[in-house]
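Copied over from TrEMBL, here are the features:
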SIGNAL    1-22  signal peptide
DOMAIN    40-307  domain 'CN hydrolase'
ACT_SITE  Glu80  active site, proton acceptor
ACT_SITE  Lys179  active site, proton donor
ACT_SITE  Cys212  active site, nucleophile
Amino acid sequence: MVPPRPVVHAAVFALAALQALASDTFIAAVYEHAVILPRATQETVSPEDALALMNKNMDILEGAIKEAAQQGAHIIVTPEDGIYGWVFTREAIYPYLEDIPNPEVNWIPCTDPTRFAPTPVLERLSCMARNNSIYVVANIGDKKSCNSSDPSCPSDGRYQYNTNVVFDSEGKLVARYHKYNLFMSEEQFNYPKEPEAVTFETPFGKFGIFTCFDILFWEPAVVLVSKLQVDTVLFPTAWMNVLPFLTAVEFHSAWAMGMRVNFLASNTHNTIMSMTGSGIYAPDGARAYYYNMKTEDGRLLIAELDSHPRLSPASPPAVSWSSYASSVEKCLPDEHDFSGLIFYDQFTFTELTKPEGSITVCQKDLHCHLSYKMAEKREDEVYVLGAFDGLHVVEGQYYLQICTLLKCKSTDLSTCGQPVETAQTKFDMFSLSGTFGTNYVFPEVLYSNVQLAPGEFEVLNDGRLISKTKPTKPVVTVTLFGRWYEKD
């Protein structure tokens, strides 16, 4: 007997739904956006002028979203500050803000724009998602009224938040995140009274979201991954690159590897502010990335990722970060050790004086061990092994343990630790390890001209960062960046 046609259609639909729920991979997109900035003025503009500027940026973002959807992307992340820019006073940013409701209201702004107070930016973002059948992640500003019954209420009677929003492929608002760890220049915003751990489910995995400076702190970053077990982190950012460890592409790639999670990082693009570096990162390395300090071009990146990376055969094994280094003979103070600054932190360095060998350098409880072989020992380039074990206190306070092999800016040892982008020295092999007191260690390998090394290194389960193949390009840094969150 042939089943009735509606039953057949229902069965086909149910099968398709099950297949969607069981998606093993998905297509991710990030867009690095050269933001159109407001005029350099401290004066407050009209709401109409604010919306006109935001629409110019959204015109560009909409083009990227359409292109991503046409290439099969399921989700796209756009940058922090990507719709209105930066460097605002608290008063000057107010016309750019909208009152963003809690996603529990079950709202599609594109089809129901008058349900709440006027929200033309939310409406347009919702329509971008709905019209292109793609999840859209954007960063905008949220405003919330308060009064004297709230002792924390600002004197102007409102909270202002740096906010990420997520719309699903039907245009429904499914996530809202208020940035908790504000960078030092974000005086226009408040931070929420409690850190938010925002997650949402999709047919292609469980997602979490936070913003820029949040990545360096326990809440919300570690909570999302270690406690809430998200598969993928969405990361709008306005990242100002700082060599040798904190360029966007190297640190974000390393964070994905260290946390064993997918990481979609979308940066703003502004070379004057040293802002560039976006990527689609998996636990085993970068799938796609972009770093360009020469031109003012935006860039769309698209790549395929495992929906559940912890279940993937490519997922890195758990690492005992101090295991190998603890077995190496302990070091004593050496007369050839010297001090140098990296991003205001005082490192202990020792020079690589031979073309190959094994050396150790120590600072406090951190012992860093390196075995290496250079393809050629050049007279015009100097490399050192460095260790830092202490509290970083410049743009925020957080505890670090860092082991690093790095190229000095010149043959003058006093330049060791200063920013360097290029090198000529290639290594036949390297193996770096350290006696870390934390399990949160992020492995970085940076080649000349700020290039990553996907597939050319690995971390062994005893904590050694080793060259997997003979490195193909000159090395700038090889680093184990330990973030001792628990000690802050």
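The count begins at 1 with the first shown residue.
Cβ from N, Cα, C; glycine included.
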Subject >> Intrachain C-beta neighbours of Lys179 (active site, proton donor), sequence separation six or more, cut-off 8 angstroms >> reply: Tyr161, Asn162, Thr163, Asn164, Glu186, Phe189, Tyr191, Phe210, Thr211, Cys212, Phe213, Asp214
**OP:** Tell me the Cβ contacts of Glu80 (active site, proton acceptor) under 8 Å, same chain only and six or more apart in sequence, or just say none.
**Re:** Asn139, Asn162, Thr211, Cys212, Pro236, Thr237, Ala238, Ser266, Thr268
Subject >> Mean per-residue pLDDT computed across the domain 'CN hydrolase' (40-307) >> reply: 97
